[in-house]
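Enquirer: Got a structure for you, questions after.
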């Protein structure tokens, strides 16, 4: 009979990668939501774009710092930079996040310095398009960083789109709440963005359990252990609170535009963030199980 040790929540690699995935995922999700959800050339959204750009910059920066500094080991930054490994997904993830941060910083400067028809300017569009490209690459890194190791539950191919959509949902919901708090007018595009991403997360979570067997015996064993130890957290928090509740509330917002108030989007944001945290934490921790 196979046995596995309990999850080691104190693993340094586990914690710093998780923080990078969670914080960076929210930041990238906010950026993408602002890029697509606030596509209208409405000057009244300028303040929301400014807040979103700063939040995205801070969150992705904090996640990247956790990744390269090895959590409290500042000299680890130097070794991480000088020890770049072209075959390492983690090394490329650091490069992509730095590139994204530079583009996001440029957008922040443009949003605060430039005046007039900023949103229609060619320079703003070019920098914004570059930001979307790097944001997509960072999302891809978030999905590949665990799958590339091929250990236990991380070998399941669905972990890639699941992590990506979870980041988009959490960041998009947070950005929608920021828009309401900043006084921006309600938009049907916001509710559509949240409903589509929450539906994708729900479908992927339901399908995840059916794809562990093809990923190998270790993946199936780790999944069984996760369900035995944290199944309630997975289904109630990650799935129920994190995906189903945002989906239901966003559909309500689409059906009743008057319901698209600040309180509704704050609830959606809190639920989506809690669900993303639970989903990523459980998946990152479970694969640390040592099988014997």
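Positions of Cβ are set from backbone N, Cα and C atoms, glycine also.
Remember, TrEMBL labels are computer predictions, not curated facts.
I grabbed these lines from TrEMBL:
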TRANSMEM  17-39  transmembrane segment
TRANSMEM  51-72  transmembrane segment
TRANSMEM  92-113  transmembrane segment
TRANSMEM  122-146  transmembrane segment
TRANSMEM  158-181  transmembrane segment
TRANSMEM  193-213  transmembrane segment
TRANSMEM  233-255  transmembrane segment
TRANSMEM  262-283  transmembrane segment
Enquirer: Could you name the stretch, out of 51-72, 92-113, 193-213, 233-255, 262-283, with the greatest number of CB pairs under 8 A to the transmembrane segment (158-181)?
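Expert: Ranking 51-72, 92-113, 193-213, 233-255, 262-283 by Cβ pairs under 8 Å to the transmembrane segment (158-181) puts 262-283 first.
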Enquirer: Looking only at the recorded stretches 92-113, 193-213, 262-283, which one has the largest tally of CB-CB distances under 8 Å to the transmembrane segment (233-255)?
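Expert: Result: 262-283.
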Enquirer: For the transmembrane segment (92-113), what are the same-chain contacts with Cβ under 8 Å, counting residues 6+ beyond its ends?
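Expert: Same-chain contacts beyond the flanks: 20, 24, 28, 31, 46, 49-50, 53-54, 56-57, 60-61, 63-64, 67-68, 80-81, 84, 86, 123-124, 127-128, 130-131, 134-135, 137-138, 141-142, 145.
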Enquirer: Given a Cβ distance threshold of under 8 angstroms, which distant residues of the chain, six or more beyond its ends, lie next to the transmembrane segment (262-283)?
Expert: 18, 21-22, 25-26, 146, 153-154, 159, 162-163, 166-167, 169-170, 172-174, 176-177, 179-181, 190, 194, 198, 201, 205, 226, 230, 233-234, 237-239, 241-243, 245-246, 249-250, 252-253
